[in-house]
Amino acid sequence: MVLFKAKFSFQRRVKLAQTLWLLSWLSVLVGCLTFGMGIFLKVQLWIHNEVMDNTTAHAVPNTVITAGLVGILLGYFAGKISQASMDLTKYQRWKSFMMPFFFLAILSCIVCLAALVLSVALRGTLEESLKIGLRNAIRFYKDTDTPGRCYQKRSMDKLEMDFQCCGNNHPKDWFEVQWISNRYLDFSSKEVKDRIKSSVDGRYLMDSVPFTCCNPSSPRPCIQIEITNNSAHYSYNFQGDDVNIWVRGCREALLGYYTGIMATNGAAVTLSFLLQASVLVSLRYVQTSMDKIRDPDDVEADTEGFLLEKGVMETVNSSLEKIKDLFKSNQVETAEGGGEGAAGS
């Protein structure tokens, strides 16, 4: 049973070809936008790679970049086909490329949908990766002389300044680790000895944060040492508005930042998907309506076009059979070629 059959006069075929041409180049432009957004997200994830536990989230920009590239290529070739569809002689040159084109176009739509699903599904994975990565970055903050960890301090300092955040979940995360290297501690000092002895595992812990947690907009000089001790500072209340360090955790800040970029990527991919689907449908109508024209001198004849010649399942099964037959014929040709080569030697 033919699905979505439509009649096309010569004028309607011309308008269809013009519409296809416009949609094709819009698809190219949106593909460029999608590709650029994917590259931007990839770079941003790479910049903060040191405060992430794994690179699973990179699957999102990789898929978006792929969707953008495929969209550009398919849009370009669809535009070329639309221009050739008005000349039966030129159109015949593209006829053999139609089925591979449709296969790639459907695959491209699937990639777009996969990018959308990954943008939503990997949010939890990204949050967990940031949670573990930031926790390790804070723990290794002091290890500036240790190979593999020497850039953790710089990465964490830059992150807190750029995103106006402090710690993993909140500033108190710094209270739970020794973030000052033993290299810069005076072990002859009674205060240092007392702090180390008071810690269960012999660490130098204090209720203080790095300078990068300070809010430069505060009129008061930054209070970054003995933050929870109200009596250590004049006219100060830790529970009130006197705190002049960032109270937002870096995980929340980064997650919000990446979620915003992914939402923009999702919008670009959605638009790309809609355009590619429109190009696919339009090109299918162009193909089926042009295939009805047998005589090159009868280009202006009325024809019929359709999306599917059979039902959906029948079309899928028929396509799978054609693909299987194609692979079988290739295997036979390869085997015959190998046999001839062996006989010749």
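Every residue, even glycine, has its Cβ placed from backbone N, Cα and C.
Swiss-Prot annotations:
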- 1-24: topological domain 'Cytoplasmic' (TOPO_DOM)
- 25-43: transmembrane segment (TRANSMEM)
- 44-61: topological domain 'Lumenal' (TOPO_DOM)
- ASN54: N-linked glycosylation site (CARBOHYD)
- 62-80: transmembrane segment (TRANSMEM)
- 81-99: topological domain 'Cytoplasmic' (TOPO_DOM)
- 100-123: transmembrane segment (TRANSMEM)
- 124-264: topological domain 'Lumenal' (TOPO_DOM)
- ASN229: N-linked glycosylation site (CARBOHYD)
- 265-290: transmembrane segment (TRANSMEM)
- 291-345: topological domain 'Cytoplasmic' (TOPO_DOM)
Residue counts (helix, strand, coil, in that order) that DSSP gives for the topological domain 'Cytoplasmic' (81-99): 14 helix, 0 strand, 5 coil
Residues satisfying Cβ distance under 8 Å from ASN229 (N-linked glycosylation site), sequence separation of at least 6: ASP207, PHE238
ASN54 (N-linked glycosylation site) CB neighbourhood, other CB atoms within 10 A: 13
Secondary structure tally of the topological domain 'Lumenal' (124-264) (DSSP, helix then strand then coil): 67 helix, 2 strand, 72 coil
Counts of helix, strand and coil residues, the topological domain 'Cytoplasmic' (1-24), according to DSSP: 15 helix, 4 strand, 5 coil
Secondary structure composition of the topological domain 'Lumenal' (44-61) [DSSP: H/G/I, E/B, coil]: 13 helix, 0 strand, 5 coil
Residues of the parent chain within Cβ reach of the topological domain 'Cytoplasmic' (81-99), under 8 Å, 6 or more residues beyond its termini: 13-14, 17-18, 20-21, 24, 283, 286-287, 290-291, 293, 296, 299
Contacting positions for the topological domain 'Lumenal' (44-61) when only residues 6+ beyond its ends and CB under 8 Å are counted: 38, 115, 118-119, 122, 125-126, 128-134, 136-137, 151-152, 155-156, 159, 250, 254, 257-258, 261-262, 265
Whole-number mean of pLDDT values that fall within the topological domain 'Lumenal' (44-61): 90
